[in-house]
């Protein structure tokens, strides 16, 4: 390891000052020592701060770092970190020994002082007893308070804390009485039962109609008092009543009798998403619209103090209102215990979408991560459809079952939420930053032409059915930047229809794919939920034997300059793939599957030309279809 780099990294680790990591210096060292070939990924991703210490395999793989490079870099840093930790532990042990000696001396001195103080306090208390009993009690309390600094007055402290505890208990009882009256009381006699909506472990939800009113309905959940802690039920009712979010069910009142609690809420006649997805799966656009609003509700719940954990998010617990907006329901009220300090809940029944870590627990403990995992599974359930997974095993979704035409941003989001890596699950705020939850999904084919979307053009021309092409990207015309701003999916689709998708390497035409709607929407199922893609591939002997050839082919093409052209619009893939290394992984996975289907048993040392040809054809075909599809649909402005 380079001496200057060792000194530099050591100073960072020693001071825990990771924010000062000089990205350029690290990259230079990595490049000079050839520790990582694709060092540019560090610069692209702006790896700074605590990332130096917490560069997990998942992060590095997503950045496009190969397995060999990953192990090399991590081993260098681990050696440095371990050396620092060992030295630091030795120093801590020495300091602890010194502190223990000092503490022993201080304790001996304090004990002597405490004995003297106690004697003085007792004398004062005796004198006060002769004068006035009431004054005696007060002075004793004063003496006790003054003596709290002594280490031998635990008995006095215990009595004092007991008094405080009693006061707090009394206050909490008063608060509970106030909270019990906070939720409006409904008169159940004004409603008549219509039908059952759902049946739970400890509760039944029914549809009720207001007497004398034809179209006034409410939903009432009946909870058996004997099956749960009544105090907890009251607490949960008040907590749920205080929730105020447009996509979370709102309690409108409650009542109780000797056997049951009755909790009333608005009735939603459209039913749950599960009911709707039984007919057919949701489109990605519709699933996204619902998911964004549910995520907003989850973030609201998790941001409360203490946070509220739903613990059973699924399509069956999401209703649709009159505008088809989602309403998250059923916060349970069926928990065995609720830890007031952490609000973590344990449950007597297993949730529908249980994360692997929850499945492995004898006593199931739920946290915010539980909700995030089940939320991702709910998105999966909407897109795939209920019937496709009504007979699934272990309630674990299979990302390879996703529809072929999903956008790359959707696959990445689902991979992060329900992928194999359980230790790096994003929270609700992390999810809201992902592109899929932020960007709008434009229709693949829109009816309007380019002339309808470019209102800033000032040229006066006769009406034409086909819009004029923009100036060449190499032109120095002042209007070039204006044209770049108005690049839309419509522009690219029109150009694609006219001239097809052309792929150039070093300016030479390598592949010409004419426009075809079915071919254009061609897509591949990509297991983006597998963070250790290269590692998994290496374990598969049938696939790994071609991995080096594919990587060499791709690196060679990107180094020479790979460009997609749709008419006069072009996209420099050599630059784009550095920003989105996940595309490289998807290409590699596709090519490996393609070669495996050919059942090629030739040795690595004797590579037939047919393998290279298959790699080239598959490479260009994948780019001209799937990659082009993703950029035209999601990032048209990247074309120039």
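Think of each number as a place in line: the chain as shown, counted from 1.
Just so you know, glycine gets a Cβ as well, placed from its N, Cα and C.
According to Swiss-Prot, the protein has these features:
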DOMAIN    21-84  domain 'SAM'
COILED    73-100  coiled coil
REGION    84-165  region 'Disordered'
DOMAIN    191-437  domain 'Protein kinase'
BINDING   197, 198, 199, 200, 201, 202, 203, 204, 205, 221  ATP binding site
ACT_SITE  312  active site, proton acceptor
REGION    448-482  region 'Disordered'
COMPBIAS  453-465  compositional bias 'Low complexity'
| field | Average model confidence [pLDDT] within the domain 'SAM' (21-84) | value | 55
| What is the one among the binding-site residues 197, 199 whose Cβ has the most other Cβ atoms less than or equal to 10 Å away? | 197
| remark: Cβ neighbour count (10 Å, all chains) around the residue listed as 'active site, proton acceptor' is 22
| Number of Cβ atoms other than its own within 10 Å, given for residue 205 (ATP binding site) | 18
